[in-house]
Amino acid sequence: MWPQLLLLLLAPRSGHGCQGPELDRELVLAKVRALFLDALGPPAVTGEGGDPGVRRLPRRHAVGGFMRRGSEPEEEDVSQAILFPATGARCGDEPAAGELAREAEEGLFTYVFRPSQHTRSRQVTSAQLWFHTGLDRQGMAAANSSGPLLDLLALSSRGPVAVPMSLGQAPPRWAVLHLAASALPLLTHPVLVLLLRCPLCSCSARPEATPFLVAHTRARPPSGGERARRSTAPLPWPWSPAALRLLQRPPEEPAVHADCHRASLNISFQELGWDRWIVHPPSFIFHYCHGGCGLPTLPNLPLSVPGAPPTPVQPLLLVPGAQPCCAALPGTMRSLRVRTTSDGGYSFKYETVPNLLTQHCACI
């Protein structure tokens, strides 16, 4: 009596051959491994421990830092800004022309620059002041032989202070003053007043002789707090937007998952042990069919005959005598395109795993 009762309790109910709790994750991973190996074959073993060899490259190319498909290596955030003197008096303007002419006779030229907010917010790596001297090469050589041709000063709260600089290569009748590293913070001020002393230079009102500053900048390095945030330990496996959407869904009743449905699982190739073989994407959402194949009714369908009970939904492609099972609809499976390497990153290969991702499930 008791053995017969036990067999009756363990026997599956009619029409629910695939019913049961959600599949164990290890079972799903084993199935995924089999599908990949069947489509791509086993990975090439070139290193110790059964994994493809690791290419010894800088950190940017190390495992876990592979470039995204269609993207270029990350470039440093650098820029160049050209600053002209703020609008004001020039040699040809009146009534300031007399004052500027007197300054020119003394060999002192005053220029006011207003660096932009973008320039002030960045780290200045180099800066050059281009100044039109009006002297040819012979005149420049004669002036340099008798003493320094150019002196550069900056106006501060303590008065004019010398700006360390050096002369570089320049076109004829021009001088290029390279500011020293200690003078670069001057370009982080809202207003920069430069005083240039050149006894042999003349003041020119021509637009093409306007002096200008060239500043090369880059993004400031992250602060200590930002570096600490960036150094936070990584998650056990890479997340994807699809995985986050799954987590953000409202909870569903357990009964919803009792019948045939499409289940999802976020799988990373690191979890599969293939992160040195399959380098992109780092993870994907694996869809599979699961659930029972009872004969539920559709409450939204109208009754065919008034007073008659609802018509049950018939399983698809049901052969007489066969038991329906929750499975993917034929012809609706999608492929997954991956990028693999067999030499640790020296070369890559694009491959396709066909019929991997389930789109629609039904009792078949």
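Positions of Cβ are set from backbone N, Cα and C atoms, glycine also.
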Name the cysteine that pairs with Cys293 in a disulphide bond per Swiss-Prot, restricting the answer to Cys201, Cys203, Cys363.
-> Cys363
Candidate in Cys289, Cys325 joined to Cys361 through a disulfide, as Swiss-Prot lists it = Cys289
Looking at the disulfide bonds in Swiss-Prot, identify which of Cys91, Cys325, Cys326 pairs up with Cys260.
-> Cys326
What three-state class does DSSP give Cys260 (disulfide bond)?
-> coil
By Cα geometry, the one of the disulfide-bonded residues (Cys326, Cys361, Cys363) nearest Asn266 (N-linked glycosylation site) is Cys361
Where does Cys293 (disulfide bond) sit by DSSP, helix, strand or coil?
-> coil
Filter the disulfide-bonded residues Cys260, Cys293, Cys326 down to those whose C-alpha lies within 10 angstroms of the C-alpha of Cys361 (disulfide bond); answer none if the list is empty.
-> Cys260, Cys326
Roughly how many Å separate the Cα of Cys260 (disulfide bond) from that of Cys293 (disulfide bond), to the nearest whole number?
-> 6
Hey, how far is Cys293 (disulfide bond) from Cys326 (disulfide bond), Cα to Cα, in Å?
-> 6
Based on Cβ atoms within 10 Å, give me the single least packed residue among the disulfide-bonded residues Cys289, Cys293.
-> Cys289
